[in-house]
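Listed in Swiss-Prot:
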BINDING   10-13, Lys24, Gln77, 82-83, 105-107, Gly143, Glu157, Asn172, Asn229, Arg318, Lys336, Tyr351, Asn362  UDP-N-acetyl-alpha-D-glucosamine binding site
BINDING   Asp107, Asn229  Mg(2+) binding site
REGION    232-252  region 'Linker'
REGION    253-453  region 'N-acetyltransferase'
ACT_SITE  His348  active site, proton acceptor
BINDING   Ala365, Asn371, Tyr372, Ser390, Ser408, Arg425  acetyl-CoA binding site
Amino acid sequence: MERTCLAVILAAGDSTRMKSSKSKVLHPVAGRPMIAHVVEAVASAGISSVALVVGRDAEEVAKAASIDGVGIESYLQKDRLGTGHAVLAARDAIAKGYDDILVTYGDVPLQTDAPLKAARQGLADGSDIVVIGFHSDRPTGYGRLLVKDGELIAIREEKDATDAERTVTWCNSGLMAINGRKALDLLSRIGNSNAKGEFYLTDLVEIARSLGGRVTAVDAPEIEMTGCNNRAELAVIERFWQERRRREMMLAGVTMIAPETVFLSYDTIIGQDALIEPNVVFGPGAVIDSGAVIHAFSHIEGAHVSEGATVGPFGRLRPGADLANGAKVGNFCEVKNGRIGEGAKVNHLTYIGDAVVGAGSNIGAGTITCNYDGVNKSETVIGENAFIGSNSSLVAPVTIGDGAYVGSGSVITADVPADALALGRARQEIKPERAKLLRERALAIKAAKRAKA
């Protein structure tokens, strides 16, 4: 029978060091609140449910933690009396009787499921407590994990450690797995006879051992256990997340010419043999199919780029943009809620918003779909194999038929039938010698101003 598991995520801190008007767990990593990364990690570890311990910004934190397929209940920690007290805020959830209890933190967004699964396996193998640790070249400030004969005998805080114990490099991450059938009994035994009068979760090690229980530890990469307390640490976490995800993509067949300049979102999907040039930013909701090319300095969010399509350089795709196979959106072009048909070209200095561009059509430089009247958005439909001349304005709602031509500089306010030529501009006039007269008049005005000065 599969073991049941409750994940208790502690996210009730005051976040004072973040210097922010909102809880630190709401700050994004790769375009997603860090608390959501934590929920995803515990979900991948096979948990049955999540108990989210909240304090500041409780409603916002609970909303940010919500991801599909994961049952979450929130529990308010009114007073901040230590980690042991925080876990007991979820007493009602723990009392439901799970095999395993995983305790983790909402400000550790780089954690993965591997050490969480290892901790759960430790419980399955007979441990009552499994602490997740990490080895560090700079252990100063961390509690040390002291192990003897394969069991964890103590977590020694820096200030209490002997000189010999300070040489230990295996450190306490704070993450822990607890035998769910014994959890409430163990947690209720934590006291607060310390200088701060707080209830420390780490006391469970000695409590469990004093009752004859087995306590062990498992290892995790140090970077995955990194907590986020300020903006500098947030930047470090963002950098590592990006490095890890870029490497995964490149090993899966994506070419990145200068990967350190490419920034991905938590849900970015890029297919095999796609080419990503330098200085490209992907916001949430970007899907890039196999063989697509994203040229330098492009920004893509909420958009789909099909096989063989190209974007940029300096292209921007906003939510709802959808490029069909072989479509091109070139330099200094923006597409928002627009479908660009197969082989269609939008090559220069163009805005396509709330529009459909048919297959094989060519949109000239400087073309604007005028989709907003100050109140409502309207749609522009351009048929297949149409040609829109440069510097044209298409005032929506309007339809340009298949094979139609729009002359350069036109302002189109009415539908254009298929294969028709539309001209929406004033007729050119030539006035001989008029430029000379205008120039002479301007020079005379200038001279008069100088004479008065």
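Start at 1 and count along the chain as shown; that gives each residue its number.
The backbone N, Cα and C atoms fix where each Cβ goes, glycine too.
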**Message:** Return the count of C-beta atoms lying within 10 angstroms of the C-beta of Asn371 (acetyl-CoA binding site), excluding that atom itself.
**Reply:** 23
**Request:** Among the recorded positions Gly13, Asn229, Arg318, His348, report those whose Cα falls within 10 Å of that of Ser390 (acetyl-CoA binding site); none is a fine answer.
**Result:** His348
**Fill in**
CB contacts under 8 angstroms to Gly106 (UDP-N-acetyl-alpha-D-glucosamine binding site), restricted to the same chain and 6+ apart in sequence, sorted by sequence, are Ile9, Leu10, Ala11, Val25, Met34, Ile35, Val38, Leu52, Val61, Ala65
**Prompt:** What is the number of other Cβ atoms found within 10 Å of the Cβ of Tyr372 (acetyl-CoA binding site)?
**Reply:** 12
**Asked** Per-residue pLDDT averaged over the region 'Linker' (232-252) comes to what?
**Response** 98
**Message:** Using a Cβ cut-off under 8 Å and a sequence separation of 6 or more, which residues in the same chain sit near Asn229 (Mg(2+) binding site)?
**Reply:** Arg17, Met18, Lys24, Asp107
**Item:** Nearest recorded site to Tyr372 (acetyl-CoA binding site) by CA-CA distance, among recorded positions Gly82, Glu157, Arg318, His348
**Value:** Arg318
**Spatial neighbour of Ser408 (acetyl-CoA binding site) that is closest, considering only the binding-site residues Gly13, Gly82, Glu157 and their CA atoms** = Gly13
**Prompt:** Within 10 Å of Ala365 (acetyl-CoA binding site), Cα to Cα, which of the recorded positions Gly13, Arg318, His348 are there?
**Reply:** His348
**Fill in**
Summed over the region 'Linker' (232-252), the DSSP helix, strand and coil counts are 20 helix, 0 strand, 1 coil
**Prompt:** For the binding-site residues Leu10, Ala365, which one has its C-beta crowded by the most other C-beta atoms within 10 angstroms?
**Reply:** Leu10
